[in-house]
Amino acid sequence: MFFLFCYDKEMIEINNLTESKVNKALIKETLNLVLKKEGLKESSIISLALVGPGRMRKINKTYRHKNKSTDVLAFVEQKTALGKYKIGRLEKIQGLGEIIICPREVKKNAKKFKVSFEKELLKVLIHGALHLLDYNHEQSGKKAIEMAQKEAEYLEQSL
């Protein structure tokens, strides 16, 4: 299934390659919340793919050299010198990148952490969005704490 949302000059493309049902409106609202709170003023595009564990393992192995599935990966868009793109009738937009989520891994983690699937899905969605906005918890302990605080704040506001 393929969905394309266009709102408030942001575009979110969702490609669900699984049988998992997701709340598209809540995904849209959550990503809008993160982008606005982070001060993004330009129009933006984010792609979101929901994949099975086999595909996620292959992607993780190819790009992170880890031969296992994971809950979320984020890939920042390769930008032109200006960092912007022009698509159709839209004015200049910023391609932020792609978030890839494995719903089966999200379900496992939700069970492990005793939270709902929806809450865990939003947590990894926010995590991926923050990576697209240049947050990186692997750089330092300070950066990890900052990112975790943002995740918790945005998750609380989105539920």
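Glycine too: its Cβ is placed from the backbone N, Cα and C atoms.
Binding of Zn(2+) is attributed by TrEMBL to H127, H131, and within the candidate set H65, H137 the record adds H137 to that site.
Around H131 (Zn(2+) binding site), the C-beta neighbours below 8 angstroms that are at least 6 residues distant in the chain are A74, V76, I99. Most Cβ neighbours within 10 Å among the binding-site residues H127, H137: this distinction goes to H127. Within 8 Å of the centroid of the Cβ atoms of H127, H131, H137, where the record puts Zn(2+), the same chain has further Cβ atoms from V72, A74, G128, L130, Y135, N136, M147, E151. In this structure, H127 (Zn(2+) binding site) is part of a helix by DSSP.
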